[in-house]
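Annotated features, as they stand in TrEMBL:
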type     : residues : note
ACT_SITE : Asp146   : active site, charge relay system
ACT_SITE : His213   : active site, charge relay system
ACT_SITE : Ser551   : active site, charge relay system
COMPBIAS : 208-220  : compositional bias 'Polar residues'
DOMAIN   : 32-107   : domain 'Inhibitor I9'
DOMAIN   : 137-596  : domain 'Peptidase S8/S53'
DOMAIN   : 392-467  : domain 'PA'
DOMAIN   : 670-765  : domain 'Subtilisin-like protease fibronectin type-III'
REGION   : 199-220  : region 'Disordered'
SIGNAL   : 1-23     : signal peptide
Amino acid sequence: MKGIVLFFCLYLFLVSFLRESNAVSLVQNNGVYIVYMGAPDASNDGIKNNQADLMSSLIRRKKDAIVHSYKNGFSGFAARLSEAEANSIAQKPGVISVFPDPILNLHTTRSWDFLQYQTDVEISSGPIYGSGSSPNGADTIIGILDTGIWPESESFSDSDMSAVPSRWRGTCMESHDFSSSKCNKKLVGARFYDDSGEDDRKPFGSVRDQNGHGTHVASTAAGNPISGASYYGLAAGTAKGGSPGSRIAMYRVCTSDGCRGSAIMKAFDDAIADGVDVLSLSLGSSSGLEPEFSNDPIAIGAFHAVEKGILVVCSAGNDGPSAKSVVNVAPWILTVAATTIDRDFETDIVLGGNKLIKGGGISFGNLTNSAVYPLISGDLAKSEENDVSEKNARSCVPDSLDEKKVKGKIVLCHNRDEGYSPSDKLEEVKSKGGIGFILVDDNARTVAPKFKSFAAAVVTEKDGNEIFSYINSTRNPVASILPTVSKTKYKPAPVVAYFSSRGPAYNTHNLLKPDITAPGVAILAAWPGNDTKEAVLGQEPPLFNILSGTSMSCPHVSGIVAIVKAQNPSWSPSAIKSAIMTTAIQTSNLKAPITTNSGSIATPYDIGAGEASPSGAINPGLVYETYAADYLQFLCSIGYDTLKIKLISKTVPDDFSCPTNSSSESISKMNYPSIAVSNIKENETKKVTRMITNVAEEEATYTAIIKAPTGLEVQVIPNKLVFTNNSKKLNYEVSFKSSSKPVGDLFGSITWTNGKYKVRSPFVVTTYL
């Protein structure tokens with residue numbers, strides 16, 4: 001249905017869950033399995049021969065059995081197999097895992113099916129860092145795995161850009177609607193991956209974006225500054241990406257069926273060989289359905305990318321505000337949550353007596369400014385047919401309203417029936433002759449749903465109750481809905497988006513996720529210029545569109561990574577990640593702690609280390625380096641044996657072995673910028689160590705500032721670190737002791753400061769594993 005794009009938490013979860021459930025049948029019908037064989041090693045002819053032998057035997061059986069081959073960043077292939085063949089291959093030498101080709105989802109607040117019709121939100125009118133962060137990501141290359149790109153957008157022009165870096169080894173794949181000339185000094189690479197599992201015909205592939213998501217994400221990360229950008233006059237200003245000097249390489253891994261794991265792994269494999277500096281993925285599995293590492297295409301690809309010095313940034317998911325809903329939680333991934341910006345789209349409602357209600361959403365309706373239109377609530381417009389309940393009528397579900405009671409009126413509808421989308425309810429009002437639509441939904445009010453040319457608005461429960469009371473206390477209630485206006489300097493901001501997935505990590509409470517948060521609500525960015533379905537009646541298709549989701553927050557951070565990488569080209573992925581996390585902010589524009597959509601103070605489970613601060617990340621003072629040994633120990637801690645780990649990574653020392661007492665609790669000791677300790681008992685002390693590196697030029701003395709909750713004693717030894725030219729790396733120990741019977745999750749922070757820099761690490765201590 002066309003109209004609005006509104007989502008609420010349970011509906012989001014159900015849509016995601018059903019999509020993921022359907023993926024199982026798609027995999028079975030498709031018959032594609034991924035065979036993962038670990039790291040490539042030119043010196044290990046055995047593994048190379050194993051892969052070649054397996055692939056050759058399959059090709060002899062069936063010419064088109066092989067869908068993808070992986071050979072650059074890691075070894076393996078995707079192939080059409082029977083279940084028996086998959087089980088047999090899983091037992092072969094050199095094979096780590098064999099698993100069905102999964103379908104992952106884009107992390108916008110709408111699924112693919114709704115994408116063209118549903119409401120979303122916009123990006124800040126400029127980057128979230130100051131203009132003084134030269135060189136603006138110059139010559140860094142951001143690889144984006146998504147739905148493709150619309151190369152004609154001004155956001156991807158290469159005017160005044162220097163030559164493509166000589167280290168770039170990628171390509172620009174041609175298709176029926178995309179010539180190699182579409183690539184330029186800005187869009188340096190473009191690849192697409194045919195739909196797997198098509199036995200009878202060759203898929204009609206192209207890197208051209210037929211969805212809009214990839215174009216939006218790419219311009220958010222690295223789009224050129226475009227003055228006069230807006231969505232039909234709203235959010236007008238200069239739209240530019242987080243790192244406008246960066247290059248873009250697009251890897252189209254998503255189609256109308258979703259994002260196949262086999263294509264994602266092939267894109268990782270290609271991107272590693274192509275020479276990208278950053279990889280950005282605004283997609284992932286649904287909450288509660290994320291597979292273990294050896295069966296997770298994103299975790300596998302990201303592990304090998306990080307080994308090659310490429311930082312991987314991923315969206316945290318849109319299944320919030322439920323606990324344990326965060327996805328893409330591997331420690332080598334930078335996981336991004338979503339928050340609002342300081343702009344609101346206000347659609348006011350005028351009641352009789354000139355009472356003004358400040359609503360939200362985006363509407364280009366043409367009602368007069370005076371309250372002259374009859375107003376009715378859904379329950380009063382209930383149909384007398386088909387045994388309709390008052391509850392259904394109040395929510396305006398399909399076939400619940402009486403046309404005679406609705407025609408020519410503005411209808412107030414609650415959004416309490418999770419069985420139907422808000423667009424279904426809008427359509428019910430329109431089909432019965434309504435001239436206006438007011439939706440009551442606290443969550444939808446925060447994400448600026450779009451109604452196009454129909455007069456409509458979203459209000460909070462509080463304002464909805466006021467309108468409902470007015471209707472029931474007035475003989476002839478009237479109202480009008482005014483056109484939308486943009487309001488800047490909105491407070492409070494940032495606020496955690498209701499849909500943003502929350503921690504703790506589903507598979508371990510000893511790793512704090514998400515890592516960071518960034519703008520993901522009301523994001524204006526480039527859009528395909530031929531999308532007539534997004535056009536407002538009587539208008540040309542928009543060149544910029546407004547979307548919401550952790551899909552939008554992820555490229556903000558990818559842009560920051562590119563900026564930091566350009567300024568500090570020798571830094572490792574973990575150093576850049578640490579710089580972004582330890583310099584994050586935790587306060588809003590009210591100079592108060594960041595809050596959630598419900599008004600509670602945000603915890604690290606909501607925002608990780610806080611809101612990303614690009615200016616701080618460029619010069620963090622100190623960084624935490626998470627080394628390969630940390631990741632290998634992590635694999636030991638979650639149950640992988642030494643033999644399998646040596647297949648996964650070629651950086652494993654010959655004498656490496658997993659500790660005999662390795663457990664999930666040892667994950668706390670990984671040299672990570674945040675700290676998570678689990679299973680603490682009353683009067684019990686638990687200790688973790690960290691090593692921190694001075695990346696500033698000067699010698700310095702740092703002192704620890706501890707912020708601990710009541711009932712938890714936290715001690716840092718030593719509490720003073722003296723860095724010299726000969727002592728750039730120093731260790732410290734943190735001890736946690738529960739002085740009373742601990743209850744729930746205990747949050748705090750440790751900040752190292754020398755007066756110039758503040759290097760903050762959040763921590764959480766829990767009573768359970």
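Counting begins at 1 with the first residue displayed.
For all residues, glycine too, the Cβ spot is worked out from N, Cα and C.
A quick note: this is a predicted structure, and the numbers were derived from the prediction, not measured.
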What are the DSSP helix, strand and coil residue counts for the domain 'Subtilisin-like protease fibronectin type-III' (670-765)?
0 helix, 59 strand, 37 coil
Secondary structure content of the compositional bias 'Polar residues' (208-220), with strand meaning DSSP E or B:
8 helix, 1 strand, 4 coil
Residue counts in helix (H, G, I), strand (E, B) and coil for the domain 'PA' (392-467), per DSSP?
28 helix, 18 strand, 30 coil
Give the distance between the Cα atoms of Ser551 (active site, charge relay system) and His213 (active site, charge relay system), rounded to the nearest whole Å.
8
According to DSSP, how is the domain 'Inhibitor I9' (32-107) divided among helix, strand and coil residues?
24 helix, 23 strand, 29 coil
Per-region confidence, the domain 'Inhibitor I9' (32-107) (mean pLDDT, whole number):
90
If you count other Cβ atoms within 10 Å of each one's Cβ, which of the active-site residues Asp146, His213, Ser551 has the most?
Ser551
Report, in whole Å, the straight Cα-to-Cα distance of Asp146 (active site, charge relay system) from His213 (active site, charge relay system).
7
